[in-house]
Every structure is written in structure tokens, then in C-alpha cells.
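J.: Once you've had a glance at the structure underneath, I'll fire off some questions.
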Amino acid sequence: MSTEGSYYVPEQSKLPLAAALGMGVMAFGAGSWVIEGGTSTVFLIGAVIMAMVMYKWWSIVIEENTQGIVSDQLKHSYVLGMYWFIFSELMFFVCFFGSLFYVRVLVGPWIGGEAAIGLFDDTATDAAIANATHLWNGYDATWPPLVTPDQAVNGDVAKFIGPQESMSFPGWSQILGWLPLWNTIVLISSSGTVHIAHHALKEGNRKKFNRWLGFTVLLGIIFLFLQAEEYIHAYQELGLTLESGIYGTTFFLLTGFHGAHVTLGTIMLLIAFLRGLKGHFNEADHFGFEAAAWYWHFVDVIWIGLFIIVYVLG
Amino acid sequence: MAHGPSESFFSRWLFSTNHKDIGTLYLWFSFAMFLLGGAFAMVIRAELFQPGMQLIEPEFFNQMTTMHGLVMVFGAIMPAFVGLANWMIPMMIGAPDMALPRMNNLSFWILPFAFAILVATLFMEGGGPNFGWTFYAPLSTTYAPDTVNYFIFGVHIMGASSIMGSINIIATVINMRAPGMTYMKMPLFVWTWVITAFLLVAVMPVLAGAVTMMLMDINFGTSFFDAAGGGDPVLFQHVFWFFGHPEVYIIILPAFGVVSQIIPTFSRKPLFGYSSMVYATASIAFLSFIVWAHHMFTVGMPIAGELYFMYATMLIAVPTGVKVFNWVTTMYKGALTFETPMLFSIAFVILFTFGGFTGMMLSIAAADTQYHDTYFVVAHFHYVMVAGAVFSGTAAVYYWLPKWCGRMYDETMGKVQFWIAFIAFNITFMPQHFLGLAGMPRRYADYGLQFADWNMVSSVGAFMYGGAQLLFLFNVIRTIGWGKPIDDPKVWEGAEGLEWTLPTPAPFHTFSTPPVLK
């Protein structure tokens with residue numbers, strides 16, 4: 001609630017219009033890029049505009065803060081902005097987790113001709129029976145689905161060929177060679193290291209802050225490296241691709257969007273790290289870092305959900 | 001804080017950080033889109049004037065129905081209410097501006113780019129989106145023109161605009177209220193908008209997810225919406241309506257807020273049941289998340305699902321009924337006068353309630369099998385979208401325009417516009433109920449001879465309604481340029497609230513020093 005005399009309302013700025021232009025060019029460029037025969041030129045021009053605008057915009061915000069014209073009330077606006085941004089990101093993942101739930105718990109059994117949830121209704125619907133007898137005869141609904149409905153009917157000429165193997169828990173005997181477990185260890189540790197860095201900063205121990213934040217960025221990069229390794233393994237050895245039916249679809253979209261968010265989070269932390277080296281932030285005022293840390297905890301929480309639902313219960 | 005509006009026209013309107021200027025931009029943009037979407041509607045009604053194909057090709061007709069819906073929902077109605085929020089929320093809560101003024105301008109300027117991309121597809125090879133504004137897969141994936149990719153990325157940036165705009169509104173309301181402006185003292189327009197903003201932040205990312213899945217299915221071989229790979233086209237409908245049902249409340253809740261400001265003013269009584277209005281709005285918002293599949297009764301759902309979504313949907317009538325009774329009770333024994341904003345608001349209460357009742361009919365799963373995808377549905381949602389959202393938006397402009405520009409609109413012209421709009425609206429959409437009940441499907445370029453009479457009546461009404469909008473435009477321009485100057489801060493005798501303590505016309509900067517409330 002407003003308690004002071006004046007709230008800083010910035011002067012006119014060319015940046016918002018430039019940012020909108022960058023987004024517009026990127027959107028148009030992306031649209032023309034994915035169409036057959038399209039090129040990435042326009043998209044990249046938009047991305048360059050966007051990158052320049054973002055650099056300039058945040059420079060100005062940092063500048064305003066060092067000049068001391070940013071009141072506590074304005075800082076609270078930034079805090080609220082970050083909270084709700086993270087909430088919107090959460091809802092984006094809710095969309096994909098919900099879709100996974102729907103196809104896995106309901107659609108699979110329906111295509112296979114069974115009743116989906118026995119709780120309300122344990123007889124198969126007419127539609128499900130018709131599916132199984134007329135459309136997808138021979139499809140056996142299991143999760144993870146290694147045979148797609150298409151494959152069950154059309155064999156090797158099917159458009160969607162299931163993977164030879166899934167990414168699920170391979171059993172206790174092979175647990176040490178299971179990459180997702182290592183990824184989980186790396187990412188959870190990085191949430192711990194960023195927490196240590198945060199406390200170090202609050203205590204004014206800058207050396208410790210720099211060290212642990214740098215360590216966190218490194219863990220983020222290791223995670224991304226392992227994730228890339230996993231994808232290469234999936235494509236080259238397991239036949240698990242975007243085209244391998246609903247399992248590949250949900251697996252790559254969920255882990256892929258998580259990976260994209262880890263990339264963004266790593267960049268945010270890297271910027272905070274570089275700013276820390278330049279002597280930015282102090283014990284009381286370090287929201288640029290704090291926001292990145294919250295975002296990092298958020299991607300960590302999403303990973304725990306992914307690890308349990310996509311990998312362990314996969 | 002000393003800086004006033006920029007001297008140069010271009011820098012004032014392109015680089016603004018002022019909530020009033022940005023609100024004005026939103027309002028003019030939305031009116032331009034309203035005329036464009038209206039022009040698409042006129043093409044549709046001209047083609048449907050008589051049975052048979054006379055003016056356009058069926059393929060183009062499909063693009064018109066799609067673009068009409070998209071432009072009206074995302075380009076006209078939503079930005080109109082964001083414009084009103086920009087103008088009014090800081091004035092109503094005693095704030096100097098919006099919490100994040102530069103992001104505010106970014107949220108606005110994304111929209112012209114997004115709609116330029118969307119409209120440009122009409123001129124590209126393959127034509128624009130032709131799969132209906134709900135863009136169901138596989139129509140929008142397997143069978144869509146290549147230009148669907150532009151549509152997808154256009155929706156992405158439009159969603160980014162909505163999310164940023166909403167975050168700004170939430171931050172403003174939480175953080176910028178004047179001392180003493182507790183939550184339960186906030187004007188209802190502010191309450192409805194902060195709840196709307198919450199809905200937007202929650203569901204816009206889901207829309208982004210839906211179009212992303214389309215993009216992947218179209219270009220990268222995934223099978224979200226393809227049963228051959230183990231996916232399901234119905235998944236699209238679930239994801240879309242998980243966004244889409246809250247979306248229709250995103251459109252109507254700010255309209256509730258506007259009407260809840262206007263009716264007390266012209267009844268010269270405080271709003272009846274203020275706190276019940278707040279709780280009803282919150283309940284409607286909550287319910288909007290758990291009723292989405294009532295749009296999908298005929299796709300093949302287990303009976304338990306049909307029953308659940310039917311009963312849950314009917315529950316919405318309870319908080320909505322609370323609102324309608326509160327508006328009526330506010331007017332009861334009030335000293336009523338019928339200026340143009342009040343006329344539009346009363347028409348809103350009556351016609352929105354009518355649209356609500358047809359909604360109750362549609363919520364009955366068994367009966368919906370008959371109504372689904374007929375003109376009955378078209379009539380239903382135009383009663384809530386046009387007589388609901390558009391009427392209240394018009395009322396809001398007439399109500400606040402004198403405050404904004406310090407000039408009074410022409411009351412006679414306003415009333416004439418109201419009566420033409422009210423009568424023409426009912427001529428257009430009332431017959432569509434009959435057409436739908438008789439079985440005429442929506443989104444078809446041609447129809448059987450038995451539907452000819454009511455279609456002709458509906459088209460005549462639509463052209464009249466379009467004409468009333470031009471009168472509205474004329475009245476607004478005339479007011480801004482040549483209206484009778486006024487300087488009474490209150491403008492309306494019965495108006496209450498912080499926004500009416502500011503001078504008329506409202507100064508460029510709102511409350512540089514926060515007012516103190518008792």
C-alpha cells in the first residue's frame with residue numbers, strides 16, 4: 001500500500017515500442033520459418049532486436065536502482081511482477097502435465113477398448129469398444145506405450161513407430177547408470193548451492209556468494225549437458241523421437257520445455273554472477289539475483305514433478 | 001513527476017508511460033478492431049441474407065466467421081476493458097499511475113503487431129484461419145492452411161501482452177492503493193478487474209500451450225491430437241476450453257464491474273450488497289476453472305463426466321443470480337434518471353440475464369445434444385458478449401468520457417444510439433434462437449429454405465446495429481472535439497468515489513501525492 005509521497009513514474013521510453021517490434025518480427029519470422037522452404041532470417045533479426053532491447057532495458061533499470069530513485073514501493077512492484085510471472089510459467093507446465101494425465105489415464109484405455117476409470121463406471125463405453133474393434137484393432141493400452149495404435153494396425157508402414165525402450169525406471173540393479181537420477185541430484189544440489197549463495201550475500205560475504213553462485217551456474221550447465229546426452233541417446237539408440245507417438249510427444253515436450261526454462265534460468269543466474277563480480281548487489285538490495293534464484297527454485301520444483309511422473313512412474 | 005505530456009505528437013503516443021494515454025491507445029485500438037470485426041460480421045450477414053451462395057465463396061465465409069470471432073474476442077472486447085482499467089484503476093485507488101508504466105506500453109504495442117500478422121494472413125496464399133475461432137484440431141492442424149503458423153505465433157505474442165497487462169494490474173491493485181483504501185473499500189470495477197487479471201495470468205499460458213501443441217503436431221511430427229500415435233483430437237478441446245471458459249468470464253467480469261459503478265450513480269444509492277458482489281465475482285472466477293467440458297457435451301464423454309460438468313455449470317447461476325438481484329435491488333426505490341450510460345446498463349442487466357437463461361438451457365447435457373453447434377448457441381453467446389460486454393463497454397465510455405476530456409457528449413444522440421442498438425440487437429439475435437432450435441447449424445455459408453425468413457430478419461438487424469456503431473463513433477469524436485465544456489469534478493450528481501474528486505478533465509498525472517481516505 002502506498003505510504004510515501006512519490007512513486008517513480010519513468011519518463012517516456014522508446015524501449016517498449018522497440019520490444020513490441022522485436023516480438024512482432026520474431027513472431028512473423030517464426031511463422032514463415034516453419035513453413036516448408038522458409039528461412040530463419042526474419043526470426044533472427046527479431047531476436048537480435050529483442051536481445052538489444054532487453055540488454056538496454058535492464059541496464060536502465062539497474063541504473064535507476066544505483067541512482068537511488070527506486071523506492072521500496074517500486075521494488076515491491078518488481079517483486080509482485082516476478083511472483084506472478086512465475087505463476088504464469090507454472091500454469092504453462094500445468095497445461096502439459098494435464099495433457100499427459102489425460103492421454104495416459106483416459107485416452108490410452110479408450111483407444112484400447114477398455115473403461116478408463118473404474119471408479120465411476122467400469123464398463124467400457126460404446127465409443128471405446130468401437131475404437132478397439134473398428135479403428136485400432138489389436139492395440140493394447142499400456143504405459144509407456146512402446147507400440148502406437150497406428151503400429152498395431154499398420155505394422156512397419158505406420159507413420160508413428162513406438163520406441164524400443166522408454167525412459168522409465170530401469171530397476172534397482174541399474175540405478176547407478178540411470179541418467180535422470182544424476183540429473184535430479186545435480187539440479188537439487190544446485191537449488192542448495194544457490195540458497196547458500198543467497199545466505200552468503202545476506203551476510204555480506206561476497207567471496208562466498210560469488211563462489212557458490214558460480215558453482216550453481218556450473219551445475220545448471222552440467223544439467224543441460226546431461227539432458228542433451230539423454231536426448232542423443234534417445235534418438236540414436238532407443239528410437240525415441242518426437243515422431244514415436246504420444247510417449248515421445250509428451251516426453252520431449254515436457255522435458256524439452258523444462259530444459260528451455262533451465263537454460264533461461266542459467267542465463268539469469270549467469271548474469272547475476274557477472275553482476276556480482278562487478279560488485280553489484282549488497283546485503284539488503286539484491287533483487288536481480290533474488291528473482292533469478294526464485295526462478296531457479298521454480299524450475300527445480302518442476303523437475304521433481306517431471307522426475308516422479310515422467311521417469312519414476314513412467 | 002513534473003513532466004507533462006510530450007510536445008511532439010509521435011513521441012507522446014508512441015513512447016508513453018502514462019496510464020491515461022496508454023488507456024486511450026487501448027480504447028482506440030479496440031474500437032478500430034471492433035469496426036474491423038464488425039465488417040467481417042457484415043460480410044457474414046450479407047451472405048446469409050438469402051439462401052444459396054451469392055456474394056462470396058464458402059472458403060472465404062469460413063475465414064470470415066473465424067476472423068470475426070478472433071478479432072472481436074482478442075482485438076475488440078479484451079483491449080477495450082484493459083483500456084478502461086488503465087484509465088480508471090489508478091484514479092479509483094488513488095495511485096499516481098500503473099505500477100509498471102513501461103511494461104504497460106509494451107503490453108499495448110504488442111497488439112497492433114499481433115493483429116497485423118493475423119489480418120495479413122487473409123492476403124496470403126491459402127487464405128487466413130478458416131477453422132473457427134475455437135480452432136479445433138484436426139481442422140486447425142491436419143487440414144489447416146500453412147498460414148496457421150502465423151496465427152499460432154500471433155496468439156503467442158498476444159498472450160504475452162495479456163499476461164504482462166494482467167501482472168501490471170495485479171501489482172497496481174496490491175501495491176499502489178492510497179492509505180486507507182482497504183480491499184473491501186475498492187470500487188467494484190477494481191475488484192472485478194483484479195480477479196479478471198488473475199484469471200488471465202492463469203489461463204493465457206494454457207492457451208500458449210494449446211497453440212504450441214498445434215505447432216508441434218503440424219511441423220514436428222508429434223501426435224498430441226492424433227489417435228494414430230496415441231493422442232486424441234478431443235485433448236485439444238479440453239485444453240482449449242480449460243482456457244476458453246475462464247476466457248469468457250475474463251470478458252464479462254469487467255463488464256459486471258462497469259455496470260456496478262454506473263447503476264448506483266444513476267439510482268443515487270450505494271450499490272446494494274457490496275461484499276456479496278465481491279464474493280460472487282470470486283466464486284464465478286473459481287467456478288470458471290471447473291466447468292470447461294460443458295462446451296463438449298457431444299464429443300463423447302463418460303456419463304459421469306457429463307453429469308459432473310452439467311451440475312457444476314448450473315452452480316454458476318447462483319453467484320450470477322446474486323449479482324443480478326443486487327443490481328435490481330440497487331435500483332429499487334432509487335431516484336432514477338435515464339442518461340445514456342444508465343440505459344445501456346439497464347439493457348445489460350435485462351439482456352445479460354436473458355443470455356444467462358439460455359446458458360442454463362445449454363447446460364442441460366441431454367438437451368444440449370439438440371442445441372449443440374446450432375444458431376441457438378450463437379444467439380446465446382451474442383446475448384452475453386454483445387448485450388453483455390459491448391453494451392457495458394459503450395456505457396463505460398459514455399459514463400467516463402466527460403471525466404476524461406472535460407466535455408459532455410450529446411445526450412440525445414446517445415439515446416438515439418442506444419435505442420437503435422437495443423432494438424437492432426434484438427432483431428439480429430432473437431431470431432437466431434428460433435433458427436437454432438429449428439436445427440440450423442452454425443458456421444455454414446448456406447442453409448435450407450425453411451430458415452430463410454428469420455435469416456433475412458437477422459441480417460437486417462445486423463446492418464442496423466452496425467449503423468448504430470458509426471453513430472457512436474461520431475458522437476465520441478464530436479464530444480472530444482466540440483462537446484460542451486464542463487468542469488464539475490463530479491460530472492454526475494450521484495457519482496461517488498476517488499475518481500470524481502479529481503478535477504475535470506482529469507489531469508495528466510493522477511494522484512502524485514496519495515489522497516488519504518477516512
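The backbone N, Cα and C atoms fix where each Cβ goes, glycine too.
This is the feature table in TrEMBL:
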DOMAIN    B:13-518  domain 'Cytochrome oxidase subunit I profile'
TRANSMEM  B:25-46  transmembrane segment
TRANSMEM  B:66-85  transmembrane segment
TRANSMEM  B:106-124  transmembrane segment
TRANSMEM  B:150-176  transmembrane segment
TRANSMEM  B:188-215  transmembrane segment
TRANSMEM  B:235-259  transmembrane segment
TRANSMEM  B:271-295  transmembrane segment
TRANSMEM  B:307-329  transmembrane segment
TRANSMEM  B:341-367  transmembrane segment
TRANSMEM  B:379-401  transmembrane segment
TRANSMEM  B:413-434  transmembrane segment
TRANSMEM  B:454-474  transmembrane segment
J.: In the same chain, which residue numbers or ranges, 6 or more beyond the ends of the transmembrane segment (B:66-85), come under 8 angstroms Cβ to Cβ?
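T.: For the transmembrane segment (B:66-85), the sequence-distant neighbours (Cβ-Cβ under 8 Å, at least 6 residues beyond its ends) are 23-27, 29-31, 33-34, 36-37, 40-41, 44, 107, 111, 115, 118-119, 122, 128-135, 158, 162, 165, 169, 189, 193, 196, 247, 250-251, 254-255, 258, 385, 389-390, 393, 396, 400.
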J.: With a Cβ cut-off under 8 Å, give me the same-chain residues at least six positions beyond the ends of the transmembrane segment (B:271-295) that come close to it.
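T.: Long-range Cβ neighbours of the transmembrane segment (B:271-295): 184, 188, 191-192, 195-196, 198-199, 202, 237-238, 241-242, 244-246, 248-249, 253, 256, 260, 263-264, 301, 305, 309-310, 312-313, 315-316, 318-320, 322-323, 325-327, 329-330, 332, 362-363, 365, 368.
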J.: Over the domain 'Cytochrome oxidase subunit I profile' (B:13-518), what does the predicted model average in pLDDT?
T.: 96
J.: By a Cβ-Cβ criterion of under 8 Å, what residues six or more beyond either terminus of the transmembrane segment (B:25-46) are in contact with it?
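T.: For the transmembrane segment (B:25-46), the list is 13, 16, 55-56, 61, 64-65, 67-68, 71-72, 75-80, 82-84, 86-87, 108, 111-112, 115, 119, 390, 397, 428, 458-459, 462-463, 466, 469, 473.
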